[in-house]
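Data block below; observations after.
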């Protein structure tokens, strides 16, 4: 997360750290995710190397720091299923979204809980918040404590123009109607924030998941907002697959 601040532990209990086994056999944080319910997590498809080996990945919830996976608030979750959206193709992205089923249900409490998902297709506007353990500048260092930043949602037509022809060397130059763009100069999601939640909190304090971090250009680059998969466009696919 670029331009953000450290989140208060427990403020965002739906946040997930997705970790991948490295050559030493230990696990590194690679992506964020959001708890949808006790069995399912939503994340980005590009987090997983294909062909997928489920045992190479784990999810952690209730983390204060990605270094401290043994604290008593933490649940370490093995994965029983990884469902990539059928429209997703590696290195190209219309449908960079994936569901993870955990092997044992998540125990709900102060530090682990689901986030609401939109009921129908919505067109969010105004500001939204994105959180993650990703880098704090493009190619920069990763942080151990969860970061949060509030960013403006960019109107879709404007975003499509921004990522026009001249910029097609970026993977995400194809801005589809199933995407949301958000971000301002110096405030953005970044590498290793992928899959994490973009959400809005209403006057009653209820949070709704509106996007998952896809990619976008260099982090926090002034003219180019971050790109998110629009969750409300995928709720039918989600409910069909969360079985």
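Just so it is clear, glycine is given a Cβ too, placed from its N, Cα and C backbone atoms.
These features come from Swiss-Prot:
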type     : residues : note
DOMAIN   : 1-243    : domain 'Peptidase S1'
DISULFID : 31-47    : disulfide bond
ACT_SITE : 46       : active site, charge relay system
ACT_SITE : 96       : active site, charge relay system
CARBOHYD : 127      : N-linked glycosylation site
DISULFID : 159-181  : disulfide bond
DISULFID : 190-219  : disulfide bond
ACT_SITE : 194      : active site, charge relay system
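For residue 96 (active site, charge relay system), the nearest neighbour among the listed recorded positions (31, 127, 194), judged by C-alpha distance, is 194. Of all the disulfide-bonded residues listed here (159, 181, 190), 190 has the Cα closest to the Cα of residue 31 (disulfide bond).
Residue 159 (disulfide bond) sits 22 Å from residue 46 (active site, charge relay system), taking the C-alpha atoms as the reference points. Note on the recorded positions 127, 194: the fewest other CB atoms within 10 A surround the CB of 127. Across the domain 'Peptidase S1' (1-243), the model assigns an average pLDDT of 91. Distance from the CA of residue 194 (active site, charge relay system) to the CA of residue 127 (N-linked glycosylation site) is 19 Å. Counting every protein chain shown, the number of other Cβ atoms lying within 10 Å of the Cβ of residue 31 (disulfide bond) is 28. Within 10 Å of the C-beta atom of residue 47 (disulfide bond) sit 22 other C-beta atoms, taking all shown protein chains into account.
Ranked by CA distance from residue 47 (disulfide bond), the recorded positions 190, 194, 219 have 194 at the top as the closest.
Rounded to the nearest whole angstrom, the C-alpha distance between residue 190 (disulfide bond) and residue 181 (disulfide bond) is 14. DSSP assigns residue 46 (active site, charge relay system) to a helical segment in the three-state reduction.
Summary: among the disulfide-bonded residues (159, 190, 219), the fewest other C-beta atoms within 10 A of the C-beta are counted at 159.
Closest to residue 194 (active site, charge relay system) in space, going by CA atoms and restricting to the recorded positions 46, 181, 219, is 46. If you take the Cα of residue 46 (active site, charge relay system) and the Cα of residue 219 (disulfide bond), they are about 17 angstrom apart, rounded to a whole number.
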